[in-house]
Amino acid sequence: MPIPPPPPPPPPPEPPQLHGVVIITLPPPDQPSKGKTITAFTYTDEPGAGAPALPPHRGPPMATAGREARRSRRAVSRRAGAMVLVLGALALAAYYSFYSDVAVQFLGMEEEEAQKERNETKSFLFQLYPKAHQGRALREFGDIKLAAKRVDDGGGRKVTKKLDVKGATSAGTNSTVLLPIKGNVFPDGQYYTSIFVGNPPRPYFLDVDTGSDLTWIQCDAPCTNCAQGPHPLYKPAKEKIVPPRDLLCQELQGDQNYCETCKQCDYEIEYADRSSSMGVLAKDDMHLIATNGGKEKLDFVFGCAYDQQGQLLSSPAKTDGILGLSSAAISLPSQLASKGIISNIFGHCITRETNGGGYMFLGDDYVPRWGMTWAPIRGGPDNLYHTEAQKVNYGDQELSMHGHAGNSVQVIFDSGSSYTYLPEEMYKNLIDAIKDDSPNFVQDSSDTTLPLCWKADFSVRSFFKPLNLHFGRRWFVVPKTFTIVPDDYLIISEKGNVCLGLLNGTEINHGSTIIVGDVSLRGKLVVHDNERRQIGWANSECTKAQSQKGFPFFL
C-alpha cells in the first residue's frame, strides 16, 4: 500500500506587526492656557506572557527554535525601539507645529481663522533707554526706587489737595501694545521706557521699576514740587480723576484712608532712598503699539504726581515718572492682565553694552520655552519679587550669616535699584574675602563714585571672583544658580578706578535682604511670572527680543 506523502509543513507564522499611536489632546477653545498634551506609544500583536508563542516541546530540536524565536523577538524589540524614537520625534515636531501659522493652515483651519490667530496680540515689547548723567548727589548709594512704605494721613501729614482741573476728554478702551527700553548703570543710574498717554497721545519717559506698585507721571494739578523733566507736565481733566470708591484706589490705600465724601483718591508713597511722591489717581487712555503693528488704547489708572521730594525732585530730570511693575493689582502688568489683554507675565533684558539699553516685554510670547532657571516667588507683606537663596558664595567661599537657618537669605529682584545690596554681615565678609585675596589693592579714598574704589594700575578686575546665589537644585541634580560675574558688579569710575557695585544694605534699611539691582541684571533675560508665582533668568546679549510663538517644524 503506497504511503501517502507527508502533509506540507504549516506556513510560518506571520511576523509580529508593530503599531504606533500618537495622541495629541488640544485644550478647550475657551481655555487655551491649559495647554496641549501628547502621548506616544507602540505595541505589537506578538503573543503576551499569558499565551506562549510556541507550544511546549522537549528535546534538542527546540533549542534551535528557541534561539530563532529569541532572535526574532530581539529584532522586533529593536524595530520597536526605533519606532518609538521616530514617533517621539514626530510627536515633538507636531507639538511645535501647533505654534506656527503654517501648521495652522496645514491642519485645515480656515484662512480667516488663521489670520485671526496671527493678528491676536498677547505681548507688548518696550525698548529700554539710559538716563542722562545726574551727578554724585543722586547716586551716593545708588538710585533706589524700591517702595518702602505707604504713608498714612491719619493724624499725620494731610494729603488731600484741591485740584485745578479743566476740560474733558473721552474715555478710553481696552488695548494691546509694543514698545522699547534704554539706559545704563553708570553714569546714568537707571533705565527707562517711553509710553503715550492722553488724547491726543503725549510721550512720557518712565523709570522701569519692578519694586514699585504704582505708575505715576508728574502732573500739573497744579504742581507743588516737580522736577524739570523731558516733557511738559501731564494735565488731567476733571473727568479723569479716580474716585475713592474705585477698587484700585482701595487696593492702593488699604483700609487707612477711605473717605466716603471725598471726590478724589489721594496717595503718598515713600521709597527706600527716602524720596517720596504725592498725588491723586487718574484714569486716561494709554496708547500702545501692538506686536503686529496695530495701534491700540486702553483705560489705564496711574498717579498724577504733583509733589515730589528727595532725589525725585533733582533737576534736570531725564524721566517724567516711574513705571510700576510689581505684582500689585494697580501695576501695569496686572491692569493689562485683568482686562484679558496679556498673561500676567513680563520680562526685561538689559545689555552689557557701554551705551546701555535693552528691551522689556509684557505677556508671554517672548518667554523662552527652555534654557530658563526658575525660582519660586515667596509671599510677603508687600508686592515685591521675593525669593530665597539657600546660600551665597564668593568664588568657593561661602558668605555665611549667623542666626539664619541653613544660611538662607531673602532675595529681591529690583530693576529700580542701580546697584546690588547685601546684608551687612554678608557685605563685611565679602570685603574681607576681597582683601585677603588681593592685599595689594590700593583704595582711592578721593574717588567718591562708590564707597569702595581701587586704583587700576594693573589688571585689577582679573583678581575678582563670581558671586553665586544658589536656589537649590532642579530635579535634585541640576543646580539653580544666579551667577554675578565680576563685570556685573564692578564699575569703572570717571577717574579710571575700579569701584565695587555691591553695597551695604543697611544704608537703605535692608540689612537682612539681598537686593539684586541693574548692575547685576545686565546680560540676563529676567522673567517675572505672576501666574505661576516664579521668577526666571537666562544669559542673553539682550540685543533683540525673540518671539517664542513660532518654531521650525523639525525643532
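Positions of Cβ are set from backbone N, Cα and C atoms, glycine also.
Annotation comment: TrEMBL describes 1-16 as compositional bias 'Pro residues'.
Taken from TrEMBL, the feature region 'Disordered' covers 1-20 (among others).
What TrEMBL lists as region 'Disordered' is 27-67 (among others).
Per TrEMBL, the feature transmembrane segment maps to 80-99.
Note on the domain 'Peptidase A1' (191-538): mean pLDDT across this stretch is 90. The feature domain 'Peptidase A1' is assigned by TrEMBL to 191-538.
The active site annotation in TrEMBL covers D209 (among others). For D209 (active site), other Cβ atoms within 10 Å of its Cβ number 28.
Among the features that TrEMBL reports, active site is placed at D414 (among others).
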Other CB atoms, at most 10 A from the CB of D414 (active site): 27
